[in-house]
Structures are given as structure tokens and as C-alpha cells.
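Novice: Please see the structure below; I have some questions.
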Amino acid sequence: MTKYVLALDQGTTSSRAILFSREGDIIQISQKEFTQIYPQPGWVEHNANEIFDTESWGMRDCLKQAGIDGSQVVAAGITNQRETTVVWDKASGAPVYNAIVWQDRRTAGFCDELKARGLADTFRQKTGLVLDAYFSGTKVRWILENVPGARAKAEKGELLFGTIDTWLIWNLTKGKVHATDESNASRTLLFNINTGQWDDELLGILGVPRSMLPTVTRSSEVVGEIHPEFLGKAIPIAGNAGDQQAATYGNACLKPGMAKNTYGTGCFMLMNTGKEVHASKNNLLTTMAWATPSGRYFALEGSVFIAGAVVQWLRDGLGIIKDAPEVEQLALSVPDNGGVYLVPAFAGLGAPHWDQYARGTMVGITRGSTKAHIARAALESIALQTLDIMDCMQKDAGIKLAALRADGGATRNNLLMQFQADVLGVPVERPKVTETTALGAAYLAGLAVGFWKSEEEIEAMWQLDRRFEPNMSAETREKLVYDWQRAVERAKAWAQE
């Protein structure tokens, strides 16, 4: 009987379940979108129950479509949108408020207060993160301060907190296991990456009771079992990593100095820095990559908030394309951007600027500008934001990148991949399996149960689909980068009164 590993890939806009073979091939994908909730400008929420319902539907549908039963699944791995925060009642399992999504900016003012109190360095040294509304800690505090009765219940030990992985594990195990892994814990502003523990000083500053926190486990170990009622058999939950760390693992960036960029809703570049903590001097994040039996691994990370989401905006906001793949043909209908630059700072700017008051800006528009120029500028903005991060990463790590491995939905766009190689000046490698986030979760789970024997075996399975070589003149590149930087300066601090 053929055996498989199941990956549960819980993303920002959809929940997916993907079944992988021993060769690392995709056997089946099931996917369901869920509701995006925007209560007011800058606020983004999800219904936590809907997240679990779509994910549990996905895993059942995945096995059904593949024509296999639970007895053929040796392990499940979880990967998730990071930082998104759920607080729920320990007794009933009911969320006390909607999940507050990583994109949500409601705690920006509180982050400013913490900076004004001189606490930025404390958080940076302990967590590797910057004080920004992006991370979970200030979101937990907001729920405790603003949901009636939540603070009192939390102080009595009646509420639990978790990122999405923790929420899924809690529900899949029917409330038996309250756990997260080091990669997810390292995104909360509550976890000390140097000690590998929750940090009492940080918990005190943010007013989060320790009793709310999940147990922190390795990214590759059996933490519990999916209850038999879901798939007809108890299946070990053996892998867990935040989406970007999982993608780094799935792209086999297992040696220090290797880097990948994931092109999804946002854009996320991670460089494996091995077992050393590299503090960034260029406004990148230092984060946990993963913790496996071979040790604790760290990464430098640059986060772009809006990448693929800018294409959704062209479709839903401006109506200039009917579906996302159309953007490539539209952008190819003009030879260049016609001097138009789009800075998609719809939710502020992430690394390396960390400007929560920046807003979306389009510059260089003339009477001759068309929707094709705007489409091209939108695609180019994804690659140019990535360039800003790579420059900082190379300075921090003291390593010149040899190539960038790319994954995520937007890597199917050949124009974007070629432009990315051109502006970076290094080759961009697209793997055969671009579902590397789910693959990473599957690898971590499979390793824990012996389905795969070693990381060397995983490295050998990585296969190249296409390598994009840079072929832009230095003069053209310099002009593009110079104008892009001017456009970014105009977007900064726009919403600051």
C-alpha cells in the first residue's frame, strides 16, 4: 500500500491540503477560499472557525479526490500564515474575537508608544524583530484590552492564545494539544530567540499572561495526533513551521548562505544563516528558521507586505484585468514601464523601511500612460521591493548571493521572473515543485517519522524547472533603481498627520 504525507497549508486567503508522494511529487491539492473581513481602514480579520472548517474540509476532500484513506497517510505537517492571532476560551474552544491578521495595522499607535518608551532595542535584541503592528504580541494585547471581560478571563487562566498553527493543532487534536513550533513562536514579539523560551520581561511589557501561551516544540517532531473522526484514523502531526520558514525548507535552502523568495500575497525573502544569530544592521528581521533534531537554525528575513496582492488590486480595485494571469500579457504589450512607478504601500512599507504610515503611490503618469504601463509597474514593484531586501541581506550576512530560489504562485509569471533576475543581477531559479511551502511542511513531518531518512535525501530531491539569467544593461538597471528609490521616498509617511 502506497504511503503519503499530508501538508495542511493555511494561507492568508485560502486553506489548502496537499498530498505528497515519497518522491516529493504532488498527488492531490484541495483548496477553499475564506472570507476577508475589513471592519475599518487598516483592519484585517478572519473568522477563526471558518479557517478551521475550510482546512478540515480540505484535508478530507484531498484524500477523497486522491482515492486514498487515512491509513495511507504516515504523517501530517502544518504550515500557516504567520503572526495572525487567535484568542479563544479554554473550556468552550470558542474564539473571543475574530483572528487579527498579520496585515492588520490597528496596533501601530501602541507600537509608537513602545518606541517612545525606548523599548525598541529590548525587543530587537531578544526577538530579532522590529516593533511593528505586523507581529502577534500587540494583537494579543489589543484583544485583552478591547474585548469585554477578556483581560479578567486571561488573568484567571481561562483564555488561550495561538498563531494559526496552534489553533489548527488544538482543533485537530480536540483540545488535547496546545503547541506551536519555534519558527512560529519567533514571530510573536514574546519569544526570546537566544534562549528558545517565552520571555517574561516581554510578556510583562505587553501584558500577556504566561498561562495563555502554547508549549514550544521543534519544527520536526510528533506533537499529537489528528483525531480519528477527521480522516478515519489517528495521524501523527509531525511537522510545523510558519509559511516562509517552511518554504525555505521546501526549497532545500538547507545550507548557510542559501536564500529563497516566496511570491505570494506578500513577498518574503529568507537566507539561511545556520546556527548563528545574525543581528541585522539594515532593518531586516532575525528569525528562527526551524528547529530539528540536528539543531536550531536561524535566518535573516525581509518582508514585503504587498506583492501578489497588487495584482489582485489591479483586478478587484481597478478592474483593468479579469484574472491574475492576464497581467503578464498586458504588461508585455508595452516595451517598458513608460516612466510609471507604483509603490504598493497599501499597508505601509515592510523591510527595510518599516514605515507603517507609508501609503500606495503612483508616480510618473503622463497623458500617454496606459493600463499596460500600470500593469507593468505593478509587476516591477514586486521585483524592486525584493531588490531592496537583497541588498540589505548581503550586507548583513557578508555573503554575495550566488542565485535566488523562487517559489509561490507569481513565479509562473515569466516576465516577473526575468525582470527579477535583471534587477538583482543574479540568476533566479524556479523549482519544478513551486508549492514549496507545503512541501517544506511535508518534509519536516516525513523526517520526524522516518518517511525520509535525512536532509541530504531531501536536498537531492530538489529539481530545477527554469533558470532565469540576468541580461539587462547596467545603465538601464541603475536608472530603474534610482527612479524606484525616488518613488519610495514619496510614499513614505503619507498617512502621518
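Each residue, glycine too, has its Cβ placed from N, Cα and C.
According to Swiss-Prot, the protein carries these features:
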type	residues	note
BINDING	Thr12, Arg16, Thr265, Gly308, Gly409, Asn413	ADP binding site
BINDING	Thr12, Thr13, Ser14, Thr265, Gly308, Gln312, Gly409	ATP binding site
BINDING	Thr12, Arg82, Glu83, Tyr134, Asp243	sn-glycerol 3-phosphate binding site
BINDING	Arg82, Glu83, Tyr134, Asp243, Gln244	glycerol binding site
Novice: Just how many other Cβ atoms lie inside 10 Å of the Cβ on Tyr134 (sn-glycerol 3-phosphate binding site)?
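Specialist: Taking all protein chains shown, Tyr134 (sn-glycerol 3-phosphate binding site) has 29 Cβ neighbours within 10 Å.
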Novice: Given Tyr134 (sn-glycerol 3-phosphate binding site) and Gly409 (ADP binding site), what distance in Å do their CA atoms have, once rounded to a whole number?
Specialist: 22
Novice: Let me spell it out: for each of the binding-site residues (Arg16, Arg82), count the other Cβ atoms within 10 Å of that residue's Cβ, using every protein chain shown. Which one has the most?
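Specialist: Counting Cβ neighbours within 10 Å, the top one is Arg82.
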Novice: How many neighbouring Cβ atoms, not counting its own, are there within 10 Å of the Cβ of Ser14 (ATP binding site)?
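Specialist: Counting Cβ neighbours of Ser14 (ATP binding site) within 10 Å gives 14.
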Novice: Using DSSP reduced to three states, classify Arg16 (ADP binding site) as helix, strand or coil.
Specialist: strand
Novice: Of these binding-site residues, Glu83, Asp243, which scores lowest on Cβ atoms within 10 Å?
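Specialist: So among Glu83, Asp243, the binding-site residues given, the one with the fewest Cβ atoms within 10 Å is Glu83.
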Novice: Taking every protein chain shown into account, which of the binding-site residues Thr12, Thr13, Gln244, Thr265, Asn413 has the largest tally of Cβ atoms within 10 Å of its Cβ?
Specialist: Gln244
Novice: Please report the DSSP secondary structure of Tyr134 (sn-glycerol 3-phosphate binding site), reduced to three states.
Specialist: coil
Novice: For the binding-site residues listed here (Gly308, Gly409), tell me which residue's CB has the most neighbouring CB atoms inside 10 Å.
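Specialist: Most Cβ neighbours within 10 Å: Gly308.
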